[in-house]
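Pulled from Swiss-Prot:
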type: BINDING; residues: 30, 31, 32, 33, 51, 87, 88, 89, 90, 91, 415, 496; note: ATP binding site
type: REGION; residues: 523-542; note: region 'Disordered'
type: COMPBIAS; residues: 533-542; note: compositional bias 'Pro residues'
């Protein structure tokens, strides 16, 4: 067992705080419309330029083990916010740093860390309730465009295209982002479908950065039953390998020998392949497999239809221009099915919706109809160089997540102002003791941090901006960092999704509370550099 190094109390917290500061200071420069870029060196290819907080956080690894622990816990804040809301990672990091700093001071002054954490939790619960109460529902296309523009770092073109995409496929519709071969941004709505099933093995992943499988011009095998024996699949697999195209298998399940062999084939580079479970259950699964078959121009291999896997040829496989399989979803874009067949299937489902008396069945039929008829909006992002395309694609991804979050939970005034406006809810909050009251005050001071940082990144004095905002009690009154003007942020189009603000605060407080209550840290002791020199061989005098 490796030798461990242990740090206690203030020594542990100081080392950890240094790591938190290094991480947060690298991320915080990206906050707001006038935030700066961060350049990340990659082991291969050109450096990456980004303004995405979580992308910066994921790249930071510190040499000192104890500092690195602090940095990695702060990275967890950004990652969790990104997973929940898809945006707001920089805000969450700035909030977490502020809470940790204030908390460390309070602990050093002799406050009880557990009571501080309880006070922090009470304050966050109260603020989240108030944020939800004050959130305004998104109803207009213009508001969706404004949210997307803010999240895309003030790029109105990205905001316009995202709003247009949502208008075409609906707020719940599927929108994918790809790299374009031109220098412009393009929007196209293609026949496509998404269902809630992910890859059966992470070894199928082809894009490690996005953690997903991407198959271009793929064949699709649709099977009604479980696949556990590989023998029956060999003829069809050989045909696909000869064609040189990738293959997506959709079946009730793929397990045992069949899954293991597919993974081995993928790893050895012989076959670009992925396997997913078929969506739905029972009769609904059969119907959804048939929907996919019609969309892709394939045939479902089913005993009821008299088709067997052993005798199947490549002609019964479906085709799609692009397939993306993530951990929990599969998206099929531009299937090879004929428009007439798809139209006939849509008409059939509409007739079933009219005939059914069950609300549950009607809801499920409407879901199928939306998947089949809604299509997939593809936003193609272009640029002059590969670096520019990747940077712009990051911003489009952020904007897409932000707009979805806005539709889900509503919008609030942007620029960090919403948190400042709800701080009054902390005034009458009951606590069990004075240390919990200090925890509440820590949150009261920390929620100024995003406004201060946005102001500093825009070249203004954070304290002056916060002071002017406090002079007015109007909920929507704030400072537009892009123009340097004060006014109604809703009218100016400076808005944040409520879900993003909420998730940023909750995740920041959660991890910061754990850091504040840390009393000891254990890490592996670094090995000493250099090997002992060998003694000179006999007869070798130097």
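Cβ coordinates are placed from backbone N, Cα and C, and glycine is handled just like the others.
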Span of 30, 31, 32, 33, 51, 87, 88, 89, 90, 91, 415, 496 around ATP - largest C-alpha separation, Å: 17
Residues satisfying Cβ distance under 8 Å from residue 88 (ATP binding site), sequence separation of at least 6: 81, 496, 500, 501, 503, 504
Neighbour tally for residue 51 (ATP binding site), based on other Cβ positions within 10 Å of its Cβ: 21
Cβ packing number for residue 30 (ATP binding site), 10 Å threshold: 22
Per DSSP, three-state class assigned to residue 90 (ATP binding site): helix
